[in-house]
Structure formats: structure tokens, C-alpha cells
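According to TrEMBL, the protein carries these features:
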DOMAIN    28-505  domain 'Major facilitator superfamily (MFS) profile'
TRANSMEM  29-48  transmembrane segment
TRANSMEM  95-116  transmembrane segment
TRANSMEM  128-150  transmembrane segment
TRANSMEM  156-180  transmembrane segment
TRANSMEM  192-216  transmembrane segment
TRANSMEM  222-243  transmembrane segment
TRANSMEM  300-324  transmembrane segment
TRANSMEM  344-364  transmembrane segment
TRANSMEM  371-388  transmembrane segment
TRANSMEM  400-433  transmembrane segment
TRANSMEM  481-502  transmembrane segment
DOMAIN    631-819  domain 'FBA'
């Protein structure tokens, strides 16, 4: 048993010594990963996105507050001198243009800050950078939206300066959290993990929209105040609680470490002299791993795919952030919906982004390529945008189309910003130590923050340009042309990623052809095997029933090579699964079809799976040209096949019809005339042929009766051809201290329901009997036509009229079909056998 590490780990964080108690087990790091997954999910980027979303959701209120309309709509009692102080613009449309400018300067500042933050994140403590950025963001948001309103500081310069500072402060978050996630999670299932995690942006948007809708009625400054307080609290939590890598708490993550053995295994050519100096080489490798320097900003641009995905993300983020900033305003402005209703409905776009990122990441993990998933999603976004732009004033339809657009646009944006960015960062291979001519390469998280800053920064520049263009296009034309602009940008995104898409499609095609080539080669080798060997291989295929002490019986006579048979009811499901599998194997090739379709194959399969145990039975079946595949599907001649259902009452009285005979002066219910004892009371215990304990039916103080109809309608042609013996068996006993009597009756009917034969048996037990069971066997074999069905009627009662279940007991009621021996003269007459079963002879 592994124990948790209880020692303390000292970590130097920014010059101060911080002590983390190492309470986590070293081996199972999944729980710790989930903890930091959730903490970074809720405490970092989600709250930052909520802050951005609040600004987009209160735009309509701010535009009215900054224009003359505000004096009549928002605060009708405000004095004119105060109104004149806040009158920044002549109309809401002018205020809208300025709000677009604020979006643009925010995105430009955010983009510029991302390049800087990415470089800083690779060189300094991620925890301090992230916490500081969140704390400054809280301060700047409060200064922008709260202080200006409370102190009536209405100034364009004030708003621009603090919104630029807000963009710079928020830019510290994304590169840091991506780098932290890259430290904690390896490459396996990265698309799914980062697809789920990157949805934090959409979750933050939903939270921000709900926050704005809840506090907007008190004034637009209050949503800014609430989110500022939340950001400050989260920054404190991250400062004292966030662990940026597993190494800080003593957990080793395989993906983040390079062993000397792994590096040596990557060498293709190693000389004898190099082998002799392995120790020196290992020491040199370790030294260089410690001394490795972070990647430079300009070198990061040269990594494969960075430039392509950066341009792609610039176009896509323009569209995604346009929905982010302008969707609530568009719904309010075009359809004249209430601002709170437009805010809440716009969150459906973010819901779609969550599902799109998760599903796209999962699919890309399965196939191993990203662009093959991204491009089809973007192409599906084009008709979605066109339809959405032409919708009327229908909230339900608009909500559905917004969700679909979120899946195809927001989901792809989440994938590129998180999973794909992390992939690109890990392409940085840098260890410049050589063994001979071989350059040793390894994955590194050192490039992750820089690459994240480049990709997201370039995307933010594109989004900033979009925020300038959208209000201009809207003012000169209308919203329809804005959506045409989105469609063009989406198509340009596809064009940017098209070379990578073509390359990955080519790789997929080559893999498919390679697999087909390997399969063809394997089949060619397989075709060289002789048919007899292939047949033996196919015969061994199937779901095997393991032999236990309670599911098979050894055969004592006339056996083939295997001398046992199974309980057919237990074996039948395994046979059906095997049959289904082999029928599918037939479709693989013509050779398999020819082998499996032969009667000889199924004969050997029946022998292999113990469906035929007697040489005599095998000879009879072969002589009568039986199709053994039909016998494999359903074998009525199996030694363990009992046509009677629930023969010992193990299922209660299920499958049996219950009745009583004679009068009942005590008004005793008919259903109580027969009961089931799990263990026979007052008589010997009874075991079935598979050595399992048997329950039994027991009667009461007046005649109790159970009946069951055994059908032989199916396979009657086979029965007429083989004319098997119908062998009926029943075990009868009585309590040792109670006299009783029992009767058994069989009625054989033809297909016209005409009675053709009847057999009766009666047995009387005295009081103080020997407790033993009596085995009664009846073999019916003198029929002209094989019966269509048989009625089994069993009756019994005690002869002393004792209240309770003291009457005759019945168990092990079986009806089997036994193939007649070719030289057996006894088959010309019906036989009735009665055997007293001693306790040590029960079989």
C-alpha cells in the first residue's frame, strides 16, 4: 500500500520561502490535477471573462447615460446641471461608436499585453503574475465604471486610459493559466481536457450576463462593482493557494520530465566510444536540462504552425469577440427586446461554445488531428451565420441559431486558444546536446506561455480591428452587412488553415492506405495457410463457458473425445454469441465464407463446444443428414436440455398453472394448495444432475395441482425424421411423519389438439416413511406421429388433513428428447421405471 507523503516542501516564490505541506500521494496525481483544474477554471479566467461580458451587456445603458436620451429614460428626476456634466455625446449612435472605439483600444492593449505577458510568463513566477494581473484588473474596472459615475468624472480621456490599462492587466491571465494547465496535464486527451477547460470563457460570459441582468436595475456601475470585488478575492486566493506545477508539491509528472534513458533511446546511431562514455553523457544532459533557456519571442514565431494558427485565430477571434461584445446590443437594437432579456438570451451563444469546444476536442483526440475537425466546423458556421442574419423577431428560433453558431464559432475559438496553442508550445524542441550527429529533442513547457501570447495576441489584434469596423459598417449600412463581414472572415479563417488541413488530410489518407496495406499483407500471409489449419482456428473462435463443479456432467458411456456436457440453459447464451460472431466472420472474405458455410465445420464446432457427447448420437445425426448449424442454433437432443421450465420451483410457481380439486370447507385459497420449499422439509435433501441443491413443490391437505404445457411445434420435421424418445422424469417424496399421495399424468396431443396418448402414475406414502425420494421415469417412443405438445399434470395431498404444506413433494421434473440407438430393441415399447434414491446415490 502506498502512503501519502507527509513531509513539507519549501518553494522559493519571489524571494520569500513558502512551505507547502505535501499531503498528496505521489502516484495518483489525477485528484490533484482535478483540484487545480477546478480552481483555475473558476478562480481565474472565468471571472475575467465575466468582467468583459458585463461591459458588453451594459452598453445600451451606458449609451443612453452618455446621451440626451438618458435624462428622460434612465434618471428623469436628475437636475439639468448634473445632466450637462455627463453629456458626452449628442446621440446614442455617437455613443455607440465611442463604445466600439473602447472595445478596439481594449483589444489593442490586450493584444499588445499578451505578447509581453507571454515572454514574462516564461521567465517569472506564474502565480504572482496571474494574481497581480487580476488585482490590477479589479482596480481599473472599478475606476472605469464605478468611481467615474459616483464622482461624476465624465471624461473621454478617463475612460480610454483606464480601459487601456484594463486590457493590459487582463492580458496577463491567459498565457499564465495555459502554461499552468500545460504543467499539470500531459499530452494524452489534451483536446478533451482543454476543450472542457477553455469553456471557462463561455462560463464566465454566462455568469457575467447573469450578473449584469441582476444588478443593472440599480445602475450600470453596480455590475462593475460586484465583479471588481470578485476579481480581487480571486486574486488573493490564487496568490496564496495556486500551485503552478506538480514539482512544487513533490509530484512527478512523466510528461514534464526527461530521463537520461529516454534521451538515450532517441539516438539512432551510437558508437562504441559513445557507449563507453554514457555516464559522462548523462551528466552533460542533466546539466544542459537545468541550464536550458526559454525560447525567444522571434524564434517562437518560427515554430511550425504558429504563424498559420495566429492568422487563423485573428480572423476567427474577430468574429467570436464581435458576438461577445455586440450580440446583446444587436438583439436589443434590432428587435427592441428588454436589455436584461437580450443579455440572458445571448448566453446561448456561450452555451454552444462550451459544447463545441468539448465535442471538437474529444473528436480531435480520437483522430489525432486538429484542423480536420476545425475546418468542417467553420464551413458549417457560414450557412448558420447567413440564416441567423435573416431571422425575424422570434426568441426561440434566434436562441437555437445562436447556440448552433456558438458550437461552430465559439467552440473552434476555444480549441485554437487552448488545445492547439498548447500543442504548438510543446513543439519547441531545444536541447542542444549531441551524441555523435544526433540532436536530442524533448518537449518543453518553457515555450508554452510565449506561444500562447503570440497566438492569442495576434487574435486579439484581429478582434480589435473588428470592433472598429463593426460600428462603422452598422452606421453606414445595416446589421445585414455586419453578418456578411462575419461570413467573409470565417472563410478567410478557413483559407489560413487550409495548408495545414490539406497536409493533415494527406497524413490521414496515408495512414489509411498504410493500414490497408498491412491488412492486405496479413491476409496474403493468412491465405498461405492450409484450409484445415484455418478451419481449426475458426472452430476455436467463440465465447467459452468455463467449467465449474455446478454446470457440467461427466458422461459415463459411449463418449467421443470429450466426456461431459453443460447445463444447456447456461450454455445457450454463449452459443448464441458465438454463432453471431461467426456469421459476421463469414463476411470477411470468400475463403472464410466457404469454410464456415460448410456442414463439416459446424459438425466439428458442435463437437468442440460439447453439444454432441455420444458417438451413437453423432452417427444418427450424420446418417440423417442433419444440418449442424441448425443444431448449433438450437439443440433439442442436448443431454442437458430440459423442455420443462422451472422444474424444481427455483422460480417460485412461474411457468406453472395452479389449481385445486374437490371442495374446501375452510375456504382455503387455490393458490395456497401448492407451495415451494427451498429445502425439502421432512425428507432427504435432493441434488440435481449438476450437483446443485434442489428446491421442490409441496402440496397441502387437499388436492393441489400444477400444470405445464410443453411445446414441440417447432422443428417437428426434424423430430419426425429422427423419431427421438420423449423421456419424462420426476422425483417424488413425502414427509417422514405424514402420510400422503401423489399423481402424475402426461397427455400427448397432435397438431389438431387431439389426445393421442395418456400416461398416469400414482404413488402412496405411509406415515413414518424412510424420507427417500423416488425417481420415476417414463419413456414414450411408440407414437405414430411426433406429438405437437404435452400437458404435464401433477397432483398431490397429505392424507392426514394437517394444516400447512405437509403433502407430497415433487422436484426435478424434466422432459428430454433422447436419440434412439440404432440396435436398441427396447424402442418398440413404452417404458416406466421407478427407482428409490438412497441419499448417497443421488445423482
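From the backbone N, Cα and C atoms, a Cβ is placed for every residue, glycine too.
Sequence-distant neighbours of the transmembrane segment (371-388) (same chain, 6+ residues past either end, Cβ-Cβ under 8 Å): 316, 356, 360, 363-364, 398, 401-402, 404-405, 407-409, 411-412, 415-416, 420, 483, 486-487, 490-491, 493-494, 497-498, 500-501, 504-505, 508. Ranking 95-116, 344-364, 481-502 by CB pairs under 8 A with the transmembrane segment (300-324) puts 481-502 at the top. Listed as Cβ neighbours of the transmembrane segment (95-116) (distance under 8 Å, sequence separation of 6 or more from its ends, same chain) are residues 55-56, 59, 62-64, 66-67, 88-89, 156, 159-160, 163-172, 174-175, 297, 321, 325, 329, 452-454, 456-461, 463-465, 467-468, 470-472, 475. In the predicted structure, the domain 'Major facilitator superfamily (MFS) profile' (28-505) carries a mean pLDDT of 72.
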